[in-house]
Amino acid sequence: MATESILITTLPMDFNSQMNNVTIGLNDNETLCENWREIHHLVFHLANACFAAGLVIPSTLNLHMIFLRGMLCLGCTFFIIWAVLFRCALDIMIWNATFLIINFMHFVYLVYKKRPIKVKNDLKDIYHRMFEPLHVSPELFNRLTGQFCEMKTLAKGQTYAVEDKTSVDDRLSLLLMGIMKVSYRGHFLHTISANAYIDSPEFRSTEMNRGETFQVTITADENCVFLCWSRERLTYFLESEPFLYEIFKYLIGKDITTKLYSLNDPTLGKKKKLDTQPSLCSQLSVMEMRNSLASTSDHEDGLQNFLRGTSTTSSQRHNQQEFYNAYGVGPLSHAVFC
């Protein structure tokens, strides 16, 4: 006891006054705090309420990250007010000011990412028709059409490609406005309307075989406007965007299928639309895609008869089967499509 009294008398007066509120107990049932301090100011509780509200925002909400950062910013602001006006605590103010700056910068970044992105007026129609239904974002579409894509025009009568002369390795084009006609050795095959790829069969074919030339002639039937991608740069871009790569595979396959049907029915290009055709297997070459009809007969009469077709059901079925046989896919069945 004498030792304990000596220790207490040597302690500072401030410490002795604080010890009055504390009882050091030997039993587990005794409490450490005898007298609790008063409740903090309302601003302190508002800060914690903001933190709690931000943490319980469901992640399924579209803007949940923006709301979370906003509530954290508000909570840090209340803590700074409480530390400056009611506690005079410099350390609390500095820490919360740091947290406020970090959260506010992230908040601004998230709001910037959510800004409405506009598609160019010239490309709105092609975006809404082809890419938006496949959930391609405007931001990704603008990247696709802005970096290595040019908008070009062709006057009526000008040629986009000449058979056996124009290389197929350089570009891929998408027709925005106008009509083009495709012919083989002077024989009309089909038309290409707006919102369709101009050279999709050649693009698919050159994935396997490079150095080929167009086997058909493509001519503007009226004034045309089209998007033109550099083949090499487009390939590199799609390799870095797997989602967009799959979208391109689907759209090109669908476009090739439409062209196949229009070969068998030349009126299809102008009067009908195939909106839900399946994609075609990539093994078909350019010659098989557009010129197989000519390979069925070396005579002009045979080609003309095949292209012309008849109105009877039996002749239509015969021409359709001959069409698929010319492509080298055997009996007519759904198994030929991917």
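Cβ coordinates come from backbone N, Cα and C, glycine included.
As annotated by Swiss-Prot, N-linked glycosylation site applies to N21, N29. What Swiss-Prot records for 1-40, 87-91 is topological domain 'Extracellular', and it gives sequence analysis as the kind of evidence. The topological domain 'Cytoplasmic' annotation in Swiss-Prot covers 62-65, 113-338. The transmembrane segment annotation in Swiss-Prot covers 41-61, 66-86, 92-112.
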Would you mind splitting the topological domain 'Cytoplasmic' (62-65) into helix, strand and coil residue counts from DSSP? 2 helix, 0 strand, 2 coil
Outside the transmembrane segment (41-61), at least 6 residues beyond either end, the same-chain residues with a Cβ under 8 Å of its Cβ set are 67-72, 74-79, 81-82, 85-86
I need to check the long-range neighbours of the topological domain 'Cytoplasmic' (62-65): which residues 6 or more away from its ends have a CB within less than 8 Å of a CB in the stretch? 110, 114
Residues of the parent chain within Cβ reach of the topological domain 'Extracellular' (87-91), under 8 Å, 6 or more residues beyond its termini: none
Confidence summary (mean pLDDT) of the topological domain 'Extracellular' (1-40): 52
